[in-house]
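Take a look at the structure set out below.
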Amino acid sequence: MRKMTKALTGMSSALLLSTAIPGMAKADELTLCWAAWDPANALVELSKDFTAATGTTMKFEFVPWPNFADRILNELNSGGKLCDLLIGDSQWIGGSAENGYYVKLNDFFDKEGIKMSDFAEAAVNAYSTWPKGTPNYWALPAMGDANGWFYRKDWFAKPELQAEFKQKYGRDLGPPQTWDELKQVAEFFTGREIDGQKVYGAAIFTERASEGITMGATSALYPYGFKYQQTAGKYDMDGAVNSPDAVAGLEAYKALYKCCQPPGYTDSYMGEGLDAFKSGQVAMAMNWFAFFPGLYKDEKVGGDKIGFFVNPKQKVAASTLGGQGMSVVANTDNRDGALAYIKWFAQPEVQKKWWALGGYAVHNAVLNDPSFKASQPFAADFLVAMNQVQDFWQEPSYAILLQAMQKRLHDYVVADQGTAQEALDALVNDWKEIFEDEGKL
Amino acid sequence: MTDAPSTIAERSADMLARATPSKIAVRVRGLSDRAIAWLFITPTIALLLAINIFPLIWAVYLSFTNFRANRPNAEVEGVGLRNYQRVLNDADIWIAMQTTAHFVFWTILLQTVIGFALAYLIDRKFRGHAFWTTVILIPMMLSPAVVGNFWRFLYQPQIGLFNYIVSFFTGIPPSSFEMLGSVSLAPWAIIIVDTWMWTPYVMLICLAGLRSIPDYIYEAAEVDRASAWRQFWSITVPMALPFIMLAVLFRGIENFKMFDMVMLLTGGGPGSTTEVASITLKREAFESWLTGRSSAFAIILFVAVFGLANIYVKALNKVKQR
């Protein structure tokens, strides 16, 4: 009887332990952490093949975007074991590499014959390398992305609007090619009544808390000629960050916000922008290419009703970089399993299926396929965008650099405080102080 | 034969000893009152030390270092008073403190005036007063997360009920103003929500104060032919004042560290218009990862609240002694 009691106690303790420590991974189980959005659902689908091939159960921890950085960086900082694999934002790579949060993958790539030259160069540079431009790889390019635009093709095609626009601007009403044209088109639609509803020109990013307004405003700043430094690696920001071109870009973004954003969109990011478009409030909206497959499939505004265009140029052609690389978390208890997943994911056939399911593969086998451009209505624009992307600082101190920019931009664009020149001058001072603290200035 | 236990503590110890195995019973029976008292309060003290006192001491230590929680491998160096100096010289932090003061002042003023007025009405014991008391208390029973999201919808310029109500009474088009997106209106939008949610709490405390005033004092005033107005100012207000001051103290401390509601409604925006001190602190600590500097800021806030609360409690005691 006593033996039986002991055995039962032992079994119940084991059961209790197994349920009480959810973070403890089994050897044949992997947890992949990422943001909760459309491509994550595609990855769940794709990963079923990995489970079928290896018998490894895949678990997923998807965090909504506004909390993604907070949640995952806290996890990494605290040495947690929640994630074996992490599809982390491109800006995290500097800090994660220097703090030892990610496993360096060079030896593994060499051993398994995974070549970075098989992936788009811009993606490798953005998602995998630290220090930038060096062959030190901390992630496999997993999800290419950039900020792009979509518009109501059915509204643009209305003959009466076409005629009115041509009379007013002397050209056809179509996807804008420059930021000047973008504002004209947005103004043209703002305040009109279409399908019985008052509509607005464009839904743009204005979110304050995480990264929203920075990602939105840089989509104007980069084409106008904004640069982070005059000379790469010198941190000489004066005259680059606050150059006349940068000021013009920021003014253009604010002008678009003032003229054409729907009321109430003072703190809006991806979700709010999608809502504005899907509810028929706006003629155009900016958002990440990652959402385009879902939008195209949308019953109400997708299909023939939607069109896509790459971020308009102004002085130069440029798009704000999104997207992420897939890294192995250094703290994982299942490094071999995590590396096996990366090896599987890097295969050309898997990458092709990844694209087919709605993930943005950046493997050359996918991008260079002759049928790629015609495979989706936004595929050609994606290629253009990925060849002109620019990214925010990827420094270890990126978080504080980002917060400074969020504050200065929101103060100027949304809260109407000061001028664009003052906002960017203040930003230069903030960033100088940060880099001085870092010992880089 | 042993002496019969005399005090309650001794009797309790004796009962406990009888109910426990003999070896332990000897020990329990031999414990002094003081030892038993320590036995009971030790778990609480240990818990307090672990979750309150230790983090406080640790935060004081961190405030003198350059520690960053996102750089666990970096060397931690002492920086003396530099973090405090930078916090106190940071113009943005002073703006956040001003925003906090504005928020605390107006919420307390409105909640006290409306809360006391409601308590005064409820205390009249009209028909159905129990029902209306329950209805009035509903907002404070809700979670701040629910309230924040709920009011975000109410304030939505195109579909929000609040804008339509304002429009109905003023004729201003509902989508022509943005409660959460306008620099001038956003602080008031938060004050309105906080007042809506927490006035019932102030009302409850005031009601307790009003109910504690003995009826014979009013009866004596009636005999002296004091008017209702005179009774209100000479009896009701002075006797309820300690309770009102207590409500102000509780709400003041709570609102000084207000975070959830502001975060949900405006996230500190537009720009930094509604960025109260707690939001700045969160950004410094968990977005910028300036752990040392944010610890210094937290200590400054703690000292400020602690100091002000102490001064206030002394004033409260003086009022009670009158």
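A Cβ is built for glycine as well, from the same backbone N, Cα and C atoms used for every other residue.
Annotated features, as they stand in TrEMBL:
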DOMAIN    B:97-312  domain 'ABC transmembrane type-1'
TRANSMEM  B:36-61  transmembrane segment
TRANSMEM  B:103-122  transmembrane segment
TRANSMEM  B:129-151  transmembrane segment
TRANSMEM  B:185-210  transmembrane segment
TRANSMEM  B:231-253  transmembrane segment
TRANSMEM  B:295-313  transmembrane segment
For the transmembrane segment (B:185-210), distant same-chain residues with Cβ under 8 A (at least six beyond the ends): 99, 102-103, 106-107, 110-112, 114-116, 118-120, 122-123, 136-140, 142, 144, 147-148, 151, 155, 177-179, 236, 239-244, 246-247, 250-251, 254-255, 258, 261-262, 265-266, 269-270, 273-274
Could you tell me whether the transmembrane segment (B:103-122) and the transmembrane segment (B:295-313) are in contact, taking contact to mean 3+ Cβ pairs under 8 Å with a sequence separation of 6 or more? no
Do the transmembrane segment (B:103-122) and the transmembrane segment (B:129-151) come together with 3 or more C-beta pairs under 8 Å, pairs six or more apart in sequence? yes
Which sequence-distant residues neighbour the transmembrane segment (B:129-151)? Criterion: at least 6 residues beyond either end, Cβ under 8 Å. 118, 122, 162, 189, 193, 196-201, 203-204, 260-261, 263-265
